[in-house]
Amino acid sequence: MNITQAYKRSLWWSMDMVGATGSVERKMLTAVGLQFLAAGGMAFLTVFTAGTVQLIGVGGMLALSVVAFYNTYLIAEADFVEPLVALEDAADDIAAGEFERADIPSSKRDDEIASLVASFDGMQSNLEVASRQADALARQAFDDPALDESVPGAFGESITEMADSLEAYTAELEDKTAELEHQQAELERQSEQLRALVDALSEATDAARAGDLTATVDAAALDVTDDHRAAVEDFNQLLETLADTISDIQSFSDAVLAVSRTTDERVDAVADRSAAVSESVTEIADGANQQTNQLNNIAAEMDTVSATVEEIAASANDVAKTAQAAADRGEDGRGEVEETIEALRALREQSQAVAETVESLAAEVERIDGITALIEDIAEETNMLALNASIEAARTGSDGDGFAVVADEVKDLAEETREQAADISEIVDAVTEKAEDASIAIGEVDAEVERKITKAEGVLRDFEAIVDEVANVNHAVQEISDATDQGAQSVTDVVGMVEEVASVSEETAAESDTVADNAAEQTDATDEVADQMDELAEQTAALAGMLDDFTVPADAGTADQSVADDSPTAQPPAADDEPAAAVVDQPQPASDAEDEEGVPDSGGESVAVSDGGWADDRSSFTWADSQ
């Protein structure tokens with residue numbers, strides 16, 4: 001044990017003796033009290049002692065101050081710095097998630113710092129337990145002993161609830177897993193059933209493709225569901241329907257063969273009759289064409305006459321339009337002349353009004369001139385009075401100075417008034433001269449306006465005469481235009497009638513040609529129909545040979561056949577279980593090509609069946625389910 005540790009022990013023993021270790025506050029007060037006591041002692045010695053005693057006392061107080069400072073340092077380091085630094089390190093470890101590495105220092109004291117350390121240690125323990133529980137939940141180790149440990153507060157309750165929820169969820173997942181395994185086994189069983197069903201359907205389909213329509217699928221021998229059993233029954237029903245249809249087609253092909261032979265004979269008779277009709281219609285068409293040519297010539301001549309009349313009518317219309325335009329222009333010119341006369345008359349009235357205004361102005365100027373003369377007379381008399389007043393003022397001497405001044409002012413005013421009156425007189429003379437000039441000019445304007453009015457009235461009379469003459473010309477031209485229009489309309493009506501007759505003749509010729517062509521085409525068509533009926537007979541025989549390759553049940557196609565003798569289309573009655581209707585399209589022109597089996601090309605002939613249709617195209621059968 002060194003001196004420092006011994007001193008620390010003695011220091012804390014002494015603080016225990018005085019009861020200062022139980023509180024940080026008392027520790028600090030004790031250290032500060034010692035320093036204050038040393039400072040107070042030094043002050044006391046400085047005031048009340050002197051000499052050697054003072055020096056010894058001050059030295060002792062200084063040593064006491066050093067001891068008090070050192071004690072304060074030891075207390076702060078041991079009770080404050082070291083515990084707080086340790087708590088900081090532990091908090092850093094906890095913040096980093098290292099709960100087990102957090103080392104909380106123990107404290108043997110019972111002050112506030114010791115209480116803080118104890119609380120922090122409890123928090124670290126709870127966090128460590130929570131960490132172990134979270135790890136156990138993550139590993140789904142619900143029997144881990146850590147889950148039995150309790151964590152106080154709401155956080156511990158949350159951990160417990162989370163553990164219970166996870167355990168329940170895990171149990172539910174186990175149940176779902178077992179259910180999925182059961183469903184997987186069921187799916188595997190159904191897959192085996194479907195595989196067996198597909199194999200059976202494949203064998204039956206191969207047999208049907210080979211022509212054996214008696215090969216069906218035994219649904220009772222297969223372990224399948226009701227839906228799959230219904231599909232098997234539909235497939236078997238489909239084969240039965242196909243067998244019935246093929247049997248009906250076999251019967252139908254025999255009927256078609258008989259009908260084709262009868263039709264061939266009738267077609268030959270129709271061909272002979274069509275040839276005779278074609279010759280007669282050709283003769284009618286030739287006569288209609290000749291008549292049409294003659295009518296077309298007449299119509300051409302009438303078109304020429306109509307064009308000439310229309311040109312005359314157009315020329316007359318142009319002349320009428322020109323005359324009407326001239327009349328309109330004459331009317332417009334007369335209106336403009338009348339407007340000009342009215343404007344000149346208004347100008348004359350305005351100039352007369354201006355002349356009257358100028359004369360009134362001259363009269364007023366003369367009045368101003370009289371007033372100006374009166375002002376000059378008054379100014380002259382005022383000047384004379386001022387002169388007399390000056391003479392009287394001079395005669396009275398010094399007593400008349402004031403009167404003399406007034407006389408001078410009056411004299412000056414009279415002089416100024418006379419000068420202004422002279423200026424006004426000059427202005428009045430100038431205004432009078434201008435007014436006289438304006439009056440002369442206005443008189444000249446009135447004379448000129450009067451001449452213009454007289455001339456415009458003469459022009460107006462000329463315009464009225466022109467308008468009357470143009471109106472007469474326009475009326476005459478209009479009568480000519482109306483007459484030519486009527487003539488043109490008459491010619492047009494005649495041309496229309498001729499053209500209508502020619503059109504009827506052309507239509508008759510065209511229809512005759514059409515009838516002749518149709519008769520020829522009918523003859524060709526009957527020949528072609530005869531050829532096609534022969535080909536149909538050959539194809540029907542080939543179809544019967546191909547149908548013989550199919551194996552059908554003995555009771556298939558038991559329905560009777562009904563064939564019309566005069567129609568190439570036959571509809572055999574349907575079977576009892578599935579209604580079926582066969583329609584044979586009109587045969588197309590046959591080709592000379594044959595397929596590999598030596599069967600003539602059908603040329604596009606097809607036989608359609610409404611339920612489960614099949615088609616014969618170039619001697620090959622293709623199954624097409626018509627749904």
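Using N, Cα and C of the backbone, Cβ positions are placed for all residues, glycine too.
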Which residue among E310, E444, E469 does Swiss-Prot mark as glutamate methyl ester (Glu)?
E310
Among E179, E188, E416, E597, can you tell me which residue Swiss-Prot lists with the annotation glutamate methyl ester (Glu)?
E416
With respect to Swiss-Prot, which of the residues E192, E507, E511 bears the note glutamate methyl ester (Glu)?
E507
Counting by DSSP secondary structure, give me helix, strand and coil numbers for the domain 'HAMP 2' (192-247).
43 helix, 1 strand, 12 coil
Looking only at C-alpha atoms, tell me how far E310 (glutamate methyl ester (Glu)) is from E416 (glutamate methyl ester (Glu)), rounded to the nearest Å.
98
Determine, to the nearest whole angstrom, how far the Cα atom of E507 (glutamate methyl ester (Glu)) is from the Cα atom of E416 (glutamate methyl ester (Glu)).
122
State the three-class DSSP label for E416 (glutamate methyl ester (Glu)), counting H, G and I as helix, E and B as strand, and everything else as coil.
helix
Along the domain 'HAMP 1' (78-132), what average pLDDT does this model show?
68
Quick one: give me the count of other CB atoms within 10 A of the CB of E310 (glutamate methyl ester (Glu)).
17
Packing count at E416 (glutamate methyl ester (Glu)) (other Cβ atoms within 10 Å of its Cβ):
11
